[in-house]
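Okay, so TrEMBL annotates it like this:
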- 1-21: region 'Disordered' (REGION)
- 48-68: transmembrane segment (TRANSMEM)
- 54-218: domain 'K+ potassium transporter integral membrane' (DOMAIN)
- 88-109: transmembrane segment (TRANSMEM)
- 177-196: transmembrane segment (TRANSMEM)
- 219-499: domain 'K+ potassium transporter integral membrane' (DOMAIN)
- 283-303: transmembrane segment (TRANSMEM)
- 323-350: transmembrane segment (TRANSMEM)
- 371-393: transmembrane segment (TRANSMEM)
- 405-427: transmembrane segment (TRANSMEM)
- 434-455: transmembrane segment (TRANSMEM)
- 461-478: transmembrane segment (TRANSMEM)
- 498-518: transmembrane segment (TRANSMEM)
- 512-749: domain 'K+ potassium transporter C-terminal' (DOMAIN)
- 538-556: transmembrane segment (TRANSMEM)
Amino acid sequence: MEMTSRIEMDEDNDNRGSMWDLDQKLDQPMDEEAGRLRNMYKEKKSSALLLLRLAFQSLGVVYGDLGTSPLYVFYNTFPGKIEDPEDVVGALSLIIYSLTLIPLLKYVFVVCKANDNGQGGTFALYSLLCRHAKIKTIPNQHRTDEELTTYSRSTFHEQSFAAKTKRWLERHVSRKNALLILVLVGTCMVIGDGILTPAISVLSAAGGIKVDHPGMSNGIGIYNIWKYDSSVLKAFSPVYIYRYFRRGGKDGWTSLGGIMLSITGTEALFADLSHFPVAAVQLAFTVVVFPCLLLAYSGQAAYLMSNRDHVVDAFYRSIPDSIYWPVFIIATAAAIVASQATITATFSIIKQALALGCFPRVKVVHTSKKFLGQIYVPDINWILMILCIAVTAGFKNQNQIGNAYGTAVVIVMLVTTLLMTLIMILVWRCHWILVLLFTGLSLVVECTYFSAVLFKVDQGGWVPLVIAAAFLLIMYVWHYGTLKRYEFEMHSKVSMAWILGLGPSLGLVRVPGIGLVYTELASGVPHIFSHFITNLPAIHSVVVFVCVKYLPVYTVPEEERFLVKRIGPKNFHMFRCVARYGYKDLHKKDDEFEKKLFDSLFLFVRLESMMEGCSDSDEYSLYGQQTERSREGLLNNNGNGNTITSYADTTISSVDSIVPVKSPMQGSMTVRSSEHVSSQTETDELEFLNSCRDSGVVHILGNTVVRARRESRFYKKIAIDYVYAFLRKICREHSVIFNVPHESLLNVG
């Protein structure tokens, strides 16, 4: 009995123990799940706090221009006296719906989503289009460029509307040029905006000095609505827009040029998008900026309903005596911030144009190590300053500056609408009804404003047109000259048969060292090399043709930057290295360009040696193959036991087109595999490359003189022989851009 009970008790204890273990096992995953949920909650909380902080920071940079518009909108809408109080309600109604349709619905919720990985502006839209259709005018792209991680390109169904649109754009060069000119026009108008914004913003803010102390105790915003005339809130009804135009006639229509100023800054908002994430911009506008703007305009309208003679300086006259000077200081500071926002947008869009070959080479200073988008362009800053002072001194009043400002803004918006139409078709692949709805609504509003500003071309509106025309001439001539120079290089490049006919010595004495020959060609041997061989008695033991090219992407990752190929058989020791950059990337003095180039070259030699046994043919037919492999284990040493510091992955392509070629000097010659061409092993070649590198590296730059043909038309001669030649003379040299040491530089004419 005792034994039986003892056994039963032991069994009960075992059952309790097993139940306890089971509970612990069940509790363990629950605890892990709870911990995971807590971590997720903390991450979401921290990301939400970061988003709120960025949204707050974006108020000054992105919305500075929009926020200062109340300083001058009503004055430019009613330059004289307000005849009828109902006109104020009608103007307010126009302002409300303009702010709703253009900045809120179009830009914040639609256009901002068309950013190129956080980059905004007309050239960012153009870059997106270039990746989805072959519309880039300079044909320096290679199929390997489309395999970059930042090069997002999709395929189309043959019968889709997007595919038909793509073929229509690619069919004729004139359509590609027309699209480029459209982008350049938008860019030039943004530059004009950067000139006019400081003039009108700071002058309007400083205009408070002229205002006598009001002697009245007003409130601002909500208080003005409550105290003076709450009936202005009926402006939320669009009926008053119709009544405004019916009562005002042509004068009411032309006053849209002043209403237009209420939405200025939206183009700077999009161009400055690189500084902040889209979600932060959307949050700041919908929660803070949009309601505050509506209240500010409604408060001024309420004040003007009772004080129609104060339209010239309604903003300052509606400020109480007790806070007048603090508000004046804040308004002036805000105007300066607004000016900085448009100037920063100008810098960003100039950098994009520079990278895509549409602007002369100017100095670009990287002002932040953390954020790549923060740049400063000294030359452009001086030009903006001089033109801004000239505009401020030349105009008689702020009304004329306002007319000029409105003209620049509405043209940029029209350009953005047309580019967004193509984005929605080719990139987003929206249904044609959505495309038609967006395009139709945008064009109705913007063409209405455009027709109004046309009436004021002779009252100051001509200024941005002249400024834009000057910059358009510079940008298009530079692009045209660059394109023609590239076409000449392509047509006159040296054939591989000629190179092979010279033999491994290239018909010269091969001296120790490495020659880096800079060229704009991404394939083939440049014509300047034949000039070099013809006029000099010796050449370096290793020759590397270096091509630095920009792609229509915002950035190229460092590990995918260099594309290395071999030119000719191994014993020729000739290579090509293509360094690829995006329009956001910069050449910095501390980026060790030369070291990274040689790291990629050494890796190519090692990978090429591994690939030789993989070919089914005896011929040297590695052309066109690509490999992306981990560099771990490959970069143990470079022949001398030195460790090569490089990146995880790279794109490496093999030799150029050297599969069987005919040599004029040797009849038929087949380039065989490495066992027939050279007896050097991988280690031998790496040692040879290292010894040449230790002997010295020389950077060889070719100076090509571009001249128009004698039979060319006179305007082409002027454009090429004078304008383009002058721009090349004053722009930065390639050696400065590539940070080439002066003692290692050799210029070949």
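Keep in mind that glycine also has a Cβ here, set from the backbone N, Cα and C atoms.
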What else in the chain is close to the transmembrane segment (48-68), if you only count residues 6 or more beyond its ends and a Cβ gap under 8 Å?
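Sequence-distant neighbours of the transmembrane segment (48-68): 103, 197, 201, 204-205, 263-266, 268-269, 272-273, 275-277, 279-281, 283-285, 287-289, 292-293, 331, 334-335, 337-342, 344.
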What residues in the same chain, six or more past the boundaries of the transmembrane segment (177-196), come closer than 8 Å to it by Cβ-Cβ distance?
121-123, 125-126, 129, 135, 137, 169, 264, 267-268, 271, 342-343, 345-346, 349-350, 353, 358, 384, 387-388, 391, 401, 404-405, 408-409, 411-412, 415-416, 418-419, 463-464, 467-469, 471-472, 475-476, 479
Do you know the mean pLDDT across the domain 'K+ potassium transporter C-terminal' (512-749)?
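Across the domain 'K+ potassium transporter C-terminal' (512-749), the average pLDDT comes out at 70.
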